[in-house]
Ligand code: NI
């Protein structure tokens with residue numbers, strides 16, 4: 001749990017960089033890759049990361065969110081660009097509009113009291129969860145998933161080593 005804005009900012013930046021690494025590999029065609037027929041697409045999951053960062057406005061932060069009613073763009077570059085923009089905007093809003101004490105403030109979300117610092121942490125965990133789903137779909141779409149928290153299968157091959165089973 002974050003006690004200071006500085007702690008939060010450090011983790012937010014690191015996680016945003018990981019997410020950008022994943023988004024930057026997407027191609028327009030790969031956005032249509034689905035979990036199973038009729039369910040979420042890779043593009044839908046990628047866009048979900050953008051819109052969920054936008055939910056931080058519910059904590060009283062003021063920043064430019066996602067255009068209302070906008071559906072997922074069909075361009076991978078556009079999704080990655082919009083993610084970079086909104087992720088930086090949230091961070092900038094926290095740094096300029098909050099003090100450390102705001103992290104201890106609470107907001108009622110879906111009938112529950114949420115500590116702001118915990119909401120921020122939840123948002124990053126949620127992002128990591130969907131990023132993991134995305135790397136599976138990326139493989140199914142024929143893309144090479146980047147290293148996120150550790151080496152990938154291809155990384156070991158590149159190093160001339162036998163990949164772990
Ligand atoms: Ni979600």
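Backbone N, Cα and C define each Cβ position, glycine as well.
TrEMBL annotations: computationally assigned, not manually curated.
Here is what TrEMBL records for this protein:
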BINDING   48, 126, 130  divalent metal cation binding site
Spatial neighbours, same chain, of residue 130 (divalent metal cation binding site) - Cβ under 8 Å, 6+ residues apart: 45, 48, 49
Long-range Cβ environment of residue 126 (divalent metal cation binding site), under 8 Å and at least 6 residues apart: 52
CB contacts for residue 48 (divalent metal cation binding site) [other CB atoms within 10 A, all chains]: 17
48, 126, 130 excluded, remaining Cβ within 8 Å of their centroid (divalent metal cation): 45, 49, 52, 127, 129, 131
